[in-house]
Every structure is written in structure tokens, then in C-alpha cells.
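Colleague: The feature transmembrane segment is assigned by TrEMBL to 37-61, 243-264, 270-288, 326-347, 372-397, 459-490, 510-534, 612-634, 654-684.
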């Protein structure tokens, strides 16, 4: 490609975005003499961090995380907390779990029935009516039953109707087991029939017969959760047995990721073309298969019908009995095959550039290996941000005094959700107006100015958290971009690469561009905040949505998703320009946008090739480790190595190793992706600012010069 063709190519790709501006002829790499950028945003960012710290201190003073660790009874008292009357009563007991099917059920298993703290769950069937008769012959029955009453009685003196009115004792108890510090029915299956305490039918204490299915429905599927507890114990045992094998697998994944990045220097082109032709071959096989099925169905009765004739079917296989379906699939695959082949033909030069950039990226990482360690630093910063956000959120949620609200069993009380006082509630007008209504603990709050703005503080906590998360990621991108830019703009590699390029780039980003990084992160955090608010409103208003509102919601969700992806892409390239020239965020984003638009086709091809190779690498690393882990955990390598024995579920450590390996590979390849993006931006800048003369030599590698048909003056002389 000649210089004239290159200029014409660039102009045709982005003629609306102007010609390249005049460049500094003395430019020899990332600018050293810089000034602070976006100072105002930096000051705002620091003020927000200071306010965030003050918010954490205020939440720490007013909050009590024990309110999350311990369940609370109907009066708001903790179960199992030391130094309280309930110290030895760590389990929450529900008087009538059958009421939990009421529409007024609230979060955290709070349902409209009296809840007290007990030391153990009931182990037998008993009703209050039975106790009144059995107590006369054996007082042990009442001694056992009274431990599940709210008030201590010497004997069952109250009538059944009085028990229902005062809620002093449960009308019935049944065998239960503790789960999440709460008593839930002891379900089991006997001859295919669901039972509770080996009974399918039992008395609920009010004279009605209930079955185990009703109780399971009221417990909201707790039977599965009880089974999950036993599974959880076995999973923990498997982790305790295989933790060192998991660490070995993740270490091997790190080594394989590093090897893959290094080997891309020699195999990027081979991998791309092998798998590209593999995709073409698979699609061709699909076309052939569709043609065979279409011919086979020609003579079969009913195959001439179309999708409109048979209508909407729940059985998907019905559509594959129609020849029309296979014909449509064949046409789609043919168009896809044709599109891929045409793209390969007309974009072959740009694909060659992308492959050369992949090789150049591998070479850059080889010269600056410290960049592969940077993801660990990013992970540390992200862990700190996530931990601080979670702690502040918990302390804010547990701030204040107990707040009680009216709960009606049928959810049809006009006073429902109003605040109330549990002391003497049964004698109030609300209790008379709404029979069966109860005053239950709802949440923690207060009437002070601090407690009135708890929701606002939670939103602030979430917003600053998103801002900090995006800032940490932006800082890493800018630091890596500065390091790789110093590699590219070294005329003689690796001799001209400055010492400690990553450390120097990180220091420049912190010292001069904190405000700009905060600015870019702020834009992204605002978009993400809007997306979260939209999701929250969708969950809260799901039942009240019409078809039109659902359509608008989907449109908004799609728009915000696309906007977030576009802003992330633009921010990354803006950080690259910032790392090179030291300008503020807006100017860097403008320059990056104009540069990319002038080379839009190169960008599209480079992104697709890079994504294809990196996804392939992640799958290869995770797949290799997964195969080795499968052979090890299933004891299929006894001759080579003796793996862990007596595993309950071998898939638990297996999935952990596979997912962990994928995350490790993603960390390595995120550095590689940033390297490719930086080198590509520098490559485009190099093409526009230099012409190969002695005054303005090209900084690109010899392989890129060969592809672009360009040479420096010194090379021509040689």
C-alpha cells in the first residue's frame, strides 16, 4: 500500500472527521513535561471521598451489624446475642407458619405470625387443646410445650380462643429442624409422599386438618433449602480436601496464560486462520446438513405445512419436522457463509495489520513483564472498595431503633404497614378494626435527621462505590497505556525503552491525571447508576406494568447498555491519548474519537480479531485446566499422580478450578487487550504524524512497515 493509497484509505474511512492536525516535530514518545488536568473534577472527587469516609464513620457509630447476624423476634430482640435474656435462645420459632402464604409476607422470612426465640425446635406433634387434657395426667407435657410460649405459665389456664387473641402460645407445634437459625418443618418423603414428622395429615390446633403439602407451600420451599444445608456441609468438606489442588490448578493457569501471550508472537496468524477456516467449514457442514434434511422431508406427509399453519407450539421439535424450517436455516447459513468469505477477501489487508499488532503486543509484554503483575494490584484496590461498600451498607441498614408496623394475615387491613407499639397493641382501636392484625418488628430506623436520610445515604454509598470502582479500572488502563506507549515510541527497541515504564506511567497518572480519570469514571458511574435504578423500579413495579411500559423498559435497558459499552470504549481510548500527550479528558476523548473515526474499518477489524483470539485463549486455558482437573478429581490419573480421595461432589472443585482459571486468564488477557489497543492508537498516530524521513521516522516495527509498504530513510540507505 503506497502513501497515496494510505491517505486515500484514511480519508474514505473517516472523511467527516477532518484531516490530521499539525504535530509537534520534536515528539519522541509520551510527553514528560505535563501539568495537572481537570483540577476541578479532582477536587470534587477528593471531597466525595472525604464525605464517603465521614459517612462510613457515621454509619459505624449508629449501626449494629449484629442485627444482621442474629434473627429478631416480633419485639425486635435478638436471638442468641450474648448479654441478653435470649443468650441461650438462638433459634427463631414461628407460632403459625401457615400464615406465611399471606400477601403481607415481608423480607427475611417475616410473616404475620408471632415469632419468639427458643433454645431448640419442637420435635413432636402437639396442640394446645391436647395439652389441656394431657396436663392433668402428666405435667411434663406442659413443661415441654410452655418453652414455645411467649409468656411463662404454670399451667394451661387460657382457653383456645384466648390463646388466639393474646398470641401467648402457639395453637400447635410440629417436628421441625433449625435452618438459618429458624425453625422450619422437618419434611421427608415416604413412599413418594411428602410427610412432616412421618405424618401426611395433622391438626393445626384450631380444629382443622392440614397436610404436609400445605405446610411446604407456606414454608416457601424450605424443604429444598434444608437439603441444601447438608449439601453445603459436603461442599465445605470437598473444599477442605482439595484447596491445595485448586491453588495448584490456578498457578498452572497463570503459567499457561503467560505462555499463550508469549506464543501469540509466533502463532497469532496461524491460530486466527485455522479457526476462521474452521468456522467456515462448520457453517458449510451446516448448509449440507440442512440440504439433506430438506430433501428427506420432501416425501414425508405434513412436511409441506408452514409455521403459520401449525401456529405457536410449545414442542420446538414440531418446527423441525417442516421442510420450510430447514430451507430457511439453509438460506441463513448460506448468507452467513457468503458474508464471512467476502469479509475475508475485502478486508484481508486490515486482518494482516491486526495479526501483526497481536504479535507486536506479545513482544511488548515480553519487554515489560511487570505489566502482567498489575492485575493483582487492581484486584487489591477493587477488593478494598467492595469491602468498604459492603460494610457501610450493612451499618447503614442496621442504624436506629426497632420500628414496628401493623401486619394483617389477609393483607386487607386499612391500617396495614402503619407504625405501631407492640406494648398493649391488642387493646388498641387498630386491633379491633382489623381482627387478627399484629404489631411486628419491621426494620431499624428513627426520627432523627440522620435516620430520615438513610435511603439517601445508601444511594450515596452505591454511587461513590461505582465511581471508585470505575476510577480504579481507569487508573489501571491509563498506567498500562503509558507503559506500552513508551515501548511503541522507542525508536530502537528495546534499547530506547525508558527504565521502569510501568512505575513511571502509574506515577504520571496519579500525579497529573487524577481529575481526568475521575471525570471519565464519573460519566460511567452515572450511566451505571441509572441502569441500577431502572432495574430496581422494574422489580418493584413488575406486577403493575402494562405491555407498553414493558416495551419502553426494554428499550431503555437496551439504550443504557449500549451507551455504557460505547462510553467504556471511548474512555479506554481517551486514557491512551491522555497517557501519550498529557491532555485533559475532554480533549483526549475528542482526539481519540476523531482518530478512530478516521480509521473506522481498521478499528472494527482489529477489535473483532483481538476479541476472537483472546476469547480463544481464555477457553483454551480454562479447558486445559478443566481437563486436567477432571482427570485428577475422578481418579483417572492414578499412575501419574494420586489425586484427592473420598470427594462428595467432584464437580465442586472442578467448577471452581475452571471458573478460577478463566478469571486468571481474563486478568492476563485484559493487560494484553490494553496493550493491543495502545499499540494500535500509537500505530495510527505514527501513520498520520510521520512520513519515514530522517526528521519524522516511523516508530512501527519492521513487520508493520512491510505490511504497510513503508520504510524509513535509514532503511532505504541501507
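In case you wondered, yes, glycine gets a Cβ from its N, Cα and C as well.
Mind mapping these onto the model and telling me what they sit next to?
Modeller: Listed as Cβ neighbours of the transmembrane segment (37-61) (distance under 8 Å, sequence separation of 6 or more from its ends, same chain) are residues 388, 391-392, 395-396, 399, 450, 457, 460-461, 464, 467-468, 471, 512-516, 518-519, 522, 578, 582-585.
Remote same-chain residues near the transmembrane segment (243-264) are listed as 271, 358-359, 361-362, 365-366, 372, 613, 617, 620-622, 624-625, 628-629, 632-633, 643-644, 653, 656-657, 660-661, 664-665, 667-669, 672 (criterion: CB distance under 8 Å, separation of at least six residues from the stretch ends).
Distant neighbours of the transmembrane segment (326-347): 276, 279-280, 283-284, 286-287, 290-291, 293-294, 297, 320, 601, 605; these residues of the same chain sit at least 6 beyond its ends, with a Cβ under 8 Å from one of its Cβ atoms.
Tertiary proximity for the transmembrane segment (510-534) is limited to same-chain residues at least six positions away from its ends with a CB under 8 Å from its CB atoms, namely 34-45, 462-463, 466-467, 469-471, 473-475, 478, 553, 556-557, 560-561, 563-564, 567-568, 571, 574-575, 578, 582, 584-586, 588-589.
If you look at the transmembrane segment (654-684), the same-chain residues 6 or more away from its ends with a CB under 8 A from one of its CBs are 239, 245-246, 249-250, 253-254, 256-258, 260-261, 264, 357-358, 360-362, 364-365, 371-372, 374-376, 379, 477, 480-481, 484-485, 487-489, 572-573, 576-577, 579-580, 592, 595-596, 598-599, 602-603, 606, 610, 614, 617-618, 621-622, 625-626, 629-630, 633, 699-700, 704.
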Colleague: Considering only Cβ pairs within less than 8 angstroms, which of the stretches 270-288, 372-397, 459-490 has the most against the transmembrane segment (612-634)?
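Modeller: Result: 270-288.
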Colleague: Give residue numbers and ranges for long-range contacts of the transmembrane segment (372-397): same chain, 6 or more residues beyond its ends, CB-CB under 8 A.
Modeller: 52, 55-56, 59-60, 62-65, 68, 258, 261, 365, 444, 454, 457-458, 461-462, 465, 468-469, 472-473, 475-476, 479-480, 502, 667-668, 670-671
